[in-house]
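Quick look at what TrEMBL lists:
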- 1-15: signal peptide (SIGNAL)
- His318, His322, Glu341: Zn(2+) binding site (BINDING)
- Glu319: active site, proton acceptor (ACT_SITE)
- Tyr406: active site, proton donor (ACT_SITE)
- 486-630: domain 'Peptidase M1 leukotriene A4 hydrolase/aminopeptidase C-terminal' (DOMAIN)
Amino acid sequence: MQVFFFIWCGCWCHSLFIDPGSNMASATDPCSFSSFSKCVTKHLNLTFHVDFDSHVLKAKVALTVEVLEDRFTSLTLDTKDLKVSKVTANGQAAKFTLGLKHSFMGTPLEITLPFDLSRGQHVIVEVTYETAPSASALQWLTPEQTAGKKHPYLFSQCQANHCRSMVPCQDTPAMKHTYYAQVSVPKELVAVMSAVRDGQEPDPQDSSRIIYRFRQPVPMPSYLIAIVVGALESREIGPRSRVWSEKEFVDKAAFEFSETETMLKTAEDLAGPYVWGQYDILVLPPSFPYGGMENPCLTFATPTLLAGDRSLSNVIAHEISHSWTGNLVTNKTWEHFWLNEGHTVYLERMIGRSMESEQFRQFKAMGGWKDLQESVNTFGANNPLTNLVPNMSEVDPDDAFSSVPYEKGFALLYHLEELMGGPEVFMGFVKSYIQMFAYSSVTTEEWKNYLFTYFKDKVDVLNKVDWNAWMHTPGMPPVKPQYDTTLADACIALCKRWVKTKEGDLGNFSEVDVKTLSAHQLIEFLSLLLQEEPLPLSHVRQMQEVYQLNAFNNAEIRFRWLRLCVKSKWEDAVPMALKMATEQGRMKFTRPLFKEVYNFDKYREEAVRVFIAHRAAMHPVTSNLVAKDLKVDTGKST
């Protein structure tokens with residue numbers, strides 16, 4: 001996920017290079033009930049009937065499970081709010097019970113087999129079930145909530161531990177499996193998944209419906225299963241890429257993402273072959289809560305990227321990078337989320353370095369450090385959730401989400417790059433790490449052991465790194481990198497001028513100040529101002545007068561500008577801030593905008609009123625987190 005999209009849950013899986021039984025006994029995941037030390041899922045066969053009238057998936061899943069112990073008679077799957085009607089094992093009826101419901105982990109599904117199995121044997125466990133209308137992985141949109149206004153729309157978001165509300169499974173990133181799927185939908189709609197499209201046919205049970213088929217031959221964790229159903233169109237944007245969206249956005253999206261193949265080739269040069277075959281991008285409706293989501297073969301992207309400004313292509317560079325770090329090599333549990341995100345940010349910025357310049361990479365890294373500082377300030381410098389490797393016991397991964405795994409992870413990798421001999425040398429390690437652990441899931445300890453093995457001639461330098469301070473200590477990292485400030489100097493200078501200028505001297509500013517700044521630099525300038533004490537109201541009014549910032553459509557610029565105005569208590573900005581918070585649902589924008597208005601005492605009740613009026617249209621994850629931010633009853637089922 002691009003910041004600031006996704007999070008967490010976990011267990012151990014088969015690897016093409018590692019014995020699936022190794023390390024099993026020590027495999028634990030605080031976010032999963034599933035019995036992954038006893039058995040591993042190798043393959044899922046999914047059958048979905050998408051019912052827009054009742055907002056449910058009527059479904060069946062056949063799990064091909066490999067047994068890891070002798071006298072195996074039972075297994076546990078993760079579920080959440082599923083209505084299970086039948087379970088079979090190799091075609092024979094199997095007993096099943098649902099355990100006690102946990103606040104965010106859902107309910108364990110305990111299955112007793114009608115026979116014993118030995119280590120190494122396989123069993124096909126088939127579960128017939130129905131999802132709940134309130135399934136946390138699924139968002140059902142009415143026609144009015146779409147761009148076309150004629151047809152309903154469904155999309156899923158399984159990261160971190162929401163797949164269990166859509167599929168009974170071993171819902172942990174330690175477990176990787178292939179999958180096939182067949183999806184029945186009304187024939188005027190199109191289904192796509194995080195898999196290769198494998199044909200379509202009329203539904204033999206219902207002439208008004210069509211069945212779409214999919215296959216995912218590369219093993220992947222459950223959180224990457226994704227489905228979208230809507231009035232979708234697509235355009236080819238490269239030899240292995242299409243862009244998908246409602247027809248109202250499809251041509252604009254094709255233009256915005258036209259550099260996709262260049263980025264893919266750049267990433268392959270850095271990290272090795274792209275193994276997933278197709279790389280498509282799907283632009284979602286505005287309520288999608290993240291900047292992007294790296295679902296294999298089908299990256300999800302926020303429509304906030306369609307601002308007619310290609311400065312936001314780093315979101316796609318980030319999602320492309322996940323094809324290697326996250327999807328091919330995966331964190332074993334969500335405590336090790338930084339392995340996914342820190343490496344992905346590192347690779348994303350190396351793509352930026354190849355396509356732009358080293359100065360550009362340094363500039364983006366400086367911005368990332370500020371994002372990290374803001375997250376640490378929000379959580380509190382002593383909050384254990386600011387550890388690079390946090391303890392996730394009884395912690396809902398959604399509540400833990402922040403830029404810490406992204407930017408603290410990147411800062412560690414950048415620090416190691418400097419110690420080990422520069423970007424080319426360290427990228428050699430990253431590529432080797434990807435090759436070594438491809439198709440498997442890893443812990444921080446395994447990553448660190450490989451780092452010491454790869455740089456065996458520099459172990460004395462690595463031993464001087466304060467690993468405990470980096471990994472297990474809250475707050476900012478123990479080392480602050482010294483980044484090249486070339487591209488930031490103009491932003492810093494302009495920020496200082498605004499902070500120091502007295503009211504009588506505001507006439508010294510003019511539109512020339514920002515004429516030569518790129519969108520990236522304008523974002524940086526506003527970010528720097530947000531770190532200062534709020535500007536006097538006279539200053540933000542003058543800034544609008546000379547720079548006309550209200551006219552900018554770039555979401556990253558608009559978001560920071562409106563926060564700046566509300567911080568300075570400019571009442572005219574409040575309705576604009578609340579409008580942006582509700583007309584799109586990207587949490588990176590929506591949560592801080594609501595919080596900013598909430599902190600403006602005069603408009604606290606207005607923030608709550610607007611949230612309550614719009615919460616039904618929000619993604620469930622967004623709605624629950626904004627409710628917590630505004631101290632409103634979440635209405636979250638427990």
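Glycine too: its Cβ is placed from the backbone N, Cα and C atoms.
Among the recorded positions His318, Glu319, His322, none has a Cα sitting within 10 Å of the Cα of Tyr406 (active site, proton donor). A 10 Å cutoff on Cβ-Cβ distances gives the residue listed as 'active site, proton donor' a total of 27 other Cβ atoms nearby, all chains included. Secondary structure of the domain 'Peptidase M1 leukotriene A4 hydrolase/aminopeptidase C-terminal' (486-630) per DSSP, as helix, strand and coil residue counts: 112 helix, 0 strand, 33 coil. Other Cβ atoms within 10 Å of the Cβ of His318 (Zn(2+) binding site), summed over all protein chains shown, number 27. Within 10 Å of the Cβ of Glu341 (Zn(2+) binding site) there are 29 other Cβ atoms, across all protein chains.
A gap of 10 Å separates the Cα atoms of Glu341 (Zn(2+) binding site) and Glu319 (active site, proton acceptor). Predicted-model confidence for the domain 'Peptidase M1 leukotriene A4 hydrolase/aminopeptidase C-terminal' (486-630) is 94, expressed as mean pLDDT.
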